[in-house]
Amino acid sequence: MEKLIVGILFLSVLSGSVAQTDMKGKAFIFPQESSTAYVSLIPKVRKSLQNFTLCMKAFTDLTRPYSIFSYNTRTKDNEILLFVENIGEYMFYVGNLVAIFKAPTNLPDPVRICVNWESVSGIAEFWLNGKPLGRKGLNKGYTVGGDAMIIIGQEQDSFGGNFDAKQSFVGEIWDVSLWDHVVPLEKVSDSCNNGNLINWQALNYEDNGYVVIKPKLWP
């Protein structure tokens with residue numbers, strides 16, 4: 001019986017089974033530049049995506065490039081990637097192709113980012129702090145792979161690893177949500193925490209390295 005229980009626990013770990021945590025009112029803090037600090041977000045369902053919506057909030061005072069959200073599969077880097085190259089310059093990747101959205105550089109911190117993409121038209125729509133930054137064409141007809149490693153805090157240069165400290169995120173991230181469909185972004189509430197793939201109020205995650213959970217400072 002003891003061997004059976006151990007076997008079941010081992011299979012649960014292999015399958016990525018993690019207890020759900022209600023993160024409402026909390027944030028992940030990445031206190032310093034690092035190549036080892038990150039959080040893996042485990043979706044409720046692993047599936048290929050022909051549409052998706054991603055929303056999250058973040059605070060940082062970095063002036064160098066950094067990753068906000070990194071979604072890789074074993075066969076493709078940058079399946080979904082949110083990356084800031086310069087202040088106010090948001091690089092949004094789907095299937096390792098990129099669209100660049102530019103915002104005013106004097107925006108107040110923190111920022112609320114919402115972006116959606118649909119395969120049939122290839123249209124990516126980007127909103128920042130409740131205001132649209134426009135729509136651009138990106139990888140029309142593509143399907144995002146479903147067997148993914150989803151990481152905040154680092155940019156994956158290989159599946160689940162090969163991190164560069166000079167691209168790491170330093171600051172705070174909270175209210176991350178991912179949906180498997182296009183959500184009209186003008187209707188996404190300020191809380192933006194109820195995605196059907198990643199839900200901040202029922203979050204499956206694994207933290208690694210120097211990551212701290214604290215009550216959030218901002219709404």
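The backbone N, Cα and C atoms fix where each Cβ goes, glycine too.
According to Swiss-Prot, the Ca(2+) 1 binding site annotation covers Asp77, Asn78, Glu155, Gln156, Asp157. Marked as Ca(2+) 2 binding site by Swiss-Prot: Glu155, Asp157, Gln167. The feature disulfide bond is assigned by Swiss-Prot to Cys55-Cys114. The annotation domain 'Pentraxin (PTX)' is assigned in Swiss-Prot to 24-219. Annotation source Swiss-Prot lists N-linked glycosylation site at Asn51, citing sequence analysis. According to Swiss-Prot, the signal peptide annotation covers 1-19, on the basis of sequence analysis.
On the structure: features taken from Swiss-Prot.
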residue : record                      : DSSP (3 states)
Asn51   : N-linked glycosylation site : strand
Asp77   : Ca(2+) 1 binding site       : coil
Cys114  : disulfide bond              : strand
Glu155  : Ca(2+) 1 binding site       : coil
Gln167  : Ca(2+) 2 binding site       : helix
What count of other C-beta atoms do you get within 10 angstroms of the C-beta of Asp77 (Ca(2+) 1 binding site), across all chains shown?
18
Fewest Cβ neighbours within 10 Å, where candidates are the binding-site residues Gln156, Gln167:
Gln167
Other CB atoms within 10 A, centred on Cys55 (disulfide bond):
27
Out of Glu155, Asp157, which of these binding-site residues shows the lowest number of other CB atoms within 10 Å of its CB?
Asp157
Of the recorded positions Asn51, Cys55, Cys114, Gln167, which sits closest to Asp157 (Ca(2+) 1 binding site) by Cα distance?
Gln167
In sequence order, what residues of the same chain, 6+ apart, have a Cβ less than 8 Å from the Cβ of Asn51 (N-linked glycosylation site)?
Asn116, Trp117, Glu118, Ser119, Asp180, His181, Val182
Cα-nearest neighbour of Asn78 (Ca(2+) 1 binding site) within the listed recorded positions, Cys55, Cys114, Gln167:
Gln167
Other than Asp77, Asn78, Glu155, Gln156, Asp157, which residues of the chain come within 8 Å of the Ca(2+) 1 site, judged by Cβ distance to the Cβ centroid of those residues?
Ser67, Ser70, Asn72, Leu81, Ser158, Asn162
Neighbours of the Ca(2+) 2 site Glu155, Asp157, Gln167: Cβ within 8 Å of the Cβ centroid, same chain, sequence order.
Ser67, Ser70, Gln154, Gln156, Asn162, Phe163, Asp164
